[in-house]
């Protein structure tokens with residue numbers, strides 16, 4: 001029951017109606033008996049500072065930040081964590097003494113389903129805030145080589161700073177040269193996200209260049225089985241959708257909002273039930 005004492009949290013983005021964060025967080029609140037409510041708030045690129053100021057005055061407890069604000073939000077914060085500084089993007093806000101402080105839990109969420117990748121080669125498709133978090137995570141996992149691909153290598157280099165030191169940047173047209181020795185392929189682009197569910201960042205012919213046993217990891221979770229994953233599975237590759245990352249980053253955000261850990265199993269189950277309904 002929402003009362004006059006209910007603590008408010010939200011995810012800000014544009015678009016944001018597709019977000020499943022309200023589903024898992026509200027299920028978690030109900031499980032642990034928290035008087036809190038999590039909503040999705042559309043936030044256009046113009047006026048972000050005013051929106052954040054208003055939510056601060058309205059005593060929102062915490063916020064998640066998604067496309068297109070993960071970089072621009074940093075200019076409106078009174079404090080930024082070392083992780084967010086290294087990644088160059090923020091996805092979680094929490095209340096500081098005099099204003100919003102920011103951190104990034106995407107990298108922690110990304111590595112949740114992964115184990116030991118020391119000495120391996122990883123290819124990252126895309127150059128946005130999600131790619132920064134993925135690179136940070138891959139570096140923590142000890143990947144031997146990290147290759148980023150975009151249609152504009154200069155833009156990718158700029159956007160990945162300062163984690164770009166360990167990334168080799170290439171144009172999209174050079175993918176075929178690197179895929180045959182790639183053990184982990186990560187799609188951080190929105191290609192294949194609903195409603196464009198028939199789209200894929202790679203063709204079947206390109207996927208076939210990956211070696212046997214390679215992993216194909218798509219950060220998209222709507223739909224769970226993207227066109228990319230649907231093509232990869234019959235080829236014998238291990239596949240991972242974005243659901244584990246969504247839950248992982250959400251659970252990590254709880255550490256900044258609440259004094260007790262998130263009920264990860266409940267959050268995961270709520271999303272699985274959502275997809276089954």
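Just so you know, glycine gets a Cβ as well, placed from its N, Cα and C.
Curation plays no part in TrEMBL annotations; they are all automatic predictions.
242 is the residue from 99, 102, 192, 242 that TrEMBL records in the NADP(+) site together with 126, 127, 128, 129, 130, 219. The candidate list 35, 106, 116 contains one residue that TrEMBL assigns to the shikimate site with 19, 20, 21, 66, 91, 221, 249, namely 106. Fewest other C-beta atoms within 10 Å: among the binding-site residues 126, 128, 129, 242, that description fits 128.
Excluding 19, 20, 21, 66, 91, 106, 221, 249, which define the shikimate site, the same chain contributes 11, 64, 246, 250 within 8 Å (Cβ to the Cβ centroid), listed in sequence order. The distance from the Cα of residue 19 (shikimate binding site) to the Cα of residue 219 (NADP(+) binding site) comes to 13 Å. Helix first, then strand, then coil: DSSP counts for the domain 'Shikimate dehydrogenase substrate binding N-terminal' (11-93) stand at 33 helix, 18 strand, 32 coil.
Annotation for residue 91 (shikimate binding site): same-chain Cβ neighbours under 8 Å, separated by at least 6 residues, are 64, 65, 66, 70, 103, 104, 105, 106, 129, 133, 249, 253.
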